[in-house]
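Written out below as structure tokens is the structure these notes cover.
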Amino acid sequence: MPSDRVTVAVRVRPWLGTDRGARRCSIAVDGNAAELLDPQNGGRRAQFCFDHCFDSLATLDAQADQEIIFDTLAGRLLTSAADGYNVTVFAYGQTGSGKSYTMTGSSAAPGFTPRFVSALCANCEAARQANPRSEYAIEASYLEIYNETIRDLLLPIRSGKGGKGAGASLRVREHPRTGPYVEDLSKIACSTAAQVSTLLEHGNSVRAVRGTNMNAASSRSHAIFSIRLTQRQPIDADADEDAAPTAGTPSRASMIERVSKVHLVDLAGSERAKRTGAAAVGRVQLSEAGAINSSLATLGAVISALAAAGRRGTTHVPYRESVLTFLLRDGLGGNARTLMLATVSPAAVDFQETWSTLRYADSAKRIVNEARPNLDPTQTLVLQLRDEIDELRAALRRGSGKGGGPADAAAMAAVREELGVSEKLMAEATETWEMKLRRAAALAEERLQQAEKMVAEPTGTAGHTAPGTRRKYQRMAAALRWIIVSGEEVLSRSQ
């Protein structure tokens, strides 16, 4: 990962049962080089070179299993997060090429995301043991983008007047200092790695999935699992590292704060409606495919524009043309260290999709980010928000004394809305860790009740819950009970 260029790794998936009768290979991997053979054009060859290539066609996946991929790629990203840099990892490729397997994996072979979560939490605990005066706080969020609307995957499903729940559509806003963000997206305080992992599993269980001709469990949404890691360390931590901690807690004035945001992204697959069967099934599936392809086309345009900017200088980058690219702006040419995992099929029948993926991956490796550590961002943000709120309240006082027409009324409504947004950001920035833990415990209790309800109530046309589904909710309920108990213990210790 030289300098702050986007690192690109390509993974060739193994043969699948769906490839039966079409096992003619179109790609060969040699070290970090990938050679693509066009089956329709006289065997024309195209060669690409990336930071890493993993060939899962090898027997038993021995050359590119989940552990090898994580161990090869995660080290510098974990170090970057610990140093206060933002980190973005995203998987890109056609439907059925192994994106979700690479990012999420299975219980027997965990993917990049659960491994990264475990390693990040383990590193924080090791650092805390090494320097007990340091403080570490982890908050997790999980959203999906389905048909260009955003849904919170960690909120319980609510109906009626119960407030925004998992089914509610959320709004994207932008703050001049923090950049794009999702308004009202839950940020769950976590005190253990197991709690973070349970939230990840819960979000995966409610994500939009539908079977297609190319993938029996195709992700129909883009999913972004985010971790906000806040570290506070004594300014003299290096000098006193071996000394016994003094009585009491260091004042915030003597602490340096580092905040890193980690985004782990599993994109929906690029696809042709004819091959996936969407065109033949109905309008819903066709609409899904259209939204997926449109947002991925914008992602491709962003990658191409950034690659061109690296060669020719400043150019327009169409971040705002889709929700996905707007939210990933930091990871693509912005303030982050980024890894792109391009997943491809080895089958000749998938040549066009593989060719397209490799071309975008080849462009992505030319993107240069402007990563910088985020030092003391909370204090700076609070001061800026305080000034904004004072100015907006003053504007409202000035406007309330005027008897203006509809234009003035509309302007005042806009000021009130902006004031509400700033006050909400201020409340979030100044919320104590104990308050966050209480809110996390309340949400866990609500999710537990829903999981137990899903176990107890019959579902489906046959009037019963499928055994696999029932077991999934039983496991989730057990994990949520543990989270509530452990969260209460952490909260009582903090008090």
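Heads up, the Cβ atoms here are built off N, Cα and C, so glycines get one too.
Some features that TrEMBL has for this protein:
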- G93, Q94, T95, G96, S97, G98, K99, S100: ATP binding site (BINDING)
- 5-367: domain 'Kinesin motor' (DOMAIN)
Work out the three-state DSSP category of Q94 (ATP binding site). strand
Quick one: mean pLDDT on the domain 'Kinesin motor' (5-367)? 83
Cβ neighbour count within 10 Å of S100 (ATP binding site): 26
